[in-house]
Amino acid sequence: MRQGSHSPIGVFDSGVGGLTVLKALMSRLPHESTVYLGDTARVPYGTKSGEVVTRYSLKNAEFLLERGIKLLVVACNTASAVALPALEAALPVPVVGVILPGARAALARTQGGGVGIIGTPGTIRSGAYQRALESADPRVRAKARACPLFVPLAEEGWTTGDVPLLVARDYLAEFTRDGVDTLVLGCTHYPLLKGVIAEVVGPHVALVDSAEATADAVAALLSERDGLAPASRGTPEHAYYVTDVPERFMEVGARFLGRPITAAEQVDLTF
């Protein structure tokens with residue numbers, strides 16, 4: 001590791017969704033300190049070109065490197081789909097995206113090879129999950145569907161009740177047939193809707209949370225490189241930065257993280 005084991009893990013996303021990945025990291029690696037950057041001034045990334053997303057991602061990574069991170073987690077499916085090679089080439093620390101861990105977890109879970117993927121239009125359009133699955137096992141039958149309304153539902157707290165259930169039934173009807181036995185939640189917002197999604201697809205379809213799979217991948221990588229923070233280090237520190245006013249991030253983010261965010265600093269990532 002270029003940095004010491006006491007150094008923090010860096011995490012970035014275009015907004016609040018990546019906090020589900022941070023939550024999984026905190027649960028899986030409770031002794032690790034973290035630095036989270038939400039690029040809230042430029043959200044969403046899914047509607048932007050690959051060139052622009054890559055430029056934003058490199059700037060985000062530069063900011064986090066200045067804070068001494070030992071590993072970077074790209075907690076954004078769009079950035080993972082298009083910017084990961086550029087980040088891996090440019091950074092002196094390991095980089096972990098959310099797509100490959102999610103795809104590997106799906107391959108480990110599927111019994112019959114029928115894997116569904118749900119995500120934002122940008123992620124589904126990129127075909128990144130489909131390529132990751134089919135390159136690892138050509139026998140996999142990948143079926144993908146964009147579910148754009150899930151993001152505002154999650155951010156507004158509409159995660160239970162009739163409204164999200166009706167939306168989920170419309171989006172997910174095709175996954176209740178066609179031999180799909182595993183469904184990848186290919187957007188970091190979607191774990192908040194896991195209960196509704198599970199109700200619609202039924203118990204015969206296993207749900208793969210890419211946030212949890214990513215946390216497992218980070219834990220394995222740090223362990224391999226002797227980069228885990230020691231349990232004796234004391235209370236870990238968690239810092240939050242955003243590129244727009246922080247109040248909305250702190251309010252919505254608390255639901256995603258499952259704990260209050262007491263402070264977030266606004267920063268200017270000028271190009």
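Note that Cβ sites are derived from N, Cα and C of the backbone, with glycine treated the same way.
Pulled from TrEMBL:
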- Cys76: active site, proton donor/acceptor (ACT_SITE)
- Cys187: active site, proton donor/acceptor (ACT_SITE)
- Asp13, Ser14, Tyr45, Gly46, Asn77, Thr78, Thr188, His189: substrate binding site (BINDING)
Cys187 (active site, proton donor/acceptor) sits from Cys76 (active site, proton donor/acceptor) (Cα to Cα, rounded, in Å) at a distance of 8
For Thr78 (substrate binding site), the nonlocal same-chain Cβ neighbours (under 8 Å, six or more residues apart) come out as Ser14, Pro44, Tyr45, Gly46, Lys48, Val53, Thr120, Gly122, Thr123, Ser126
For Asp13 (substrate binding site), the same-chain residues 6+ apart in sequence with C-beta under 8 angstroms from its C-beta are Leu19, Val21, Tyr36, Leu37, Gly38, Asp39, Ala75, Cys76, Ala79, Thr188
Within 10 Å, the Cβ with the most other Cβ atoms among the active-site residues Cys76, Cys187 is that of Cys76
Cβ contacts within 10 Å for Asn77 (substrate binding site), all chains included, total 33
Reading the DSSP string in three states, the entry for Asp13 (substrate binding site) is strand
Record-annotated substrate contacts Asp13, Ser14, Tyr45, Gly46, Asn77, Thr78, Thr188, His189; largest Cα to Cα distance in whole Å is 14
Fewest C-beta neighbours within 10 angstroms among the binding-site residues Ser14, Thr188 belongs to Ser14
The rounded CA-CA distance in Å from Asn77 (substrate binding site) to Cys187 (active site, proton donor/acceptor) is 6
Going by C-beta under 8 A and a gap of 6 or more residues, the same-chain neighbours of His189 (substrate binding site) are Val16, Gly17, Thr20, Phe150, Val151, Ala154, Glu155, Phe256
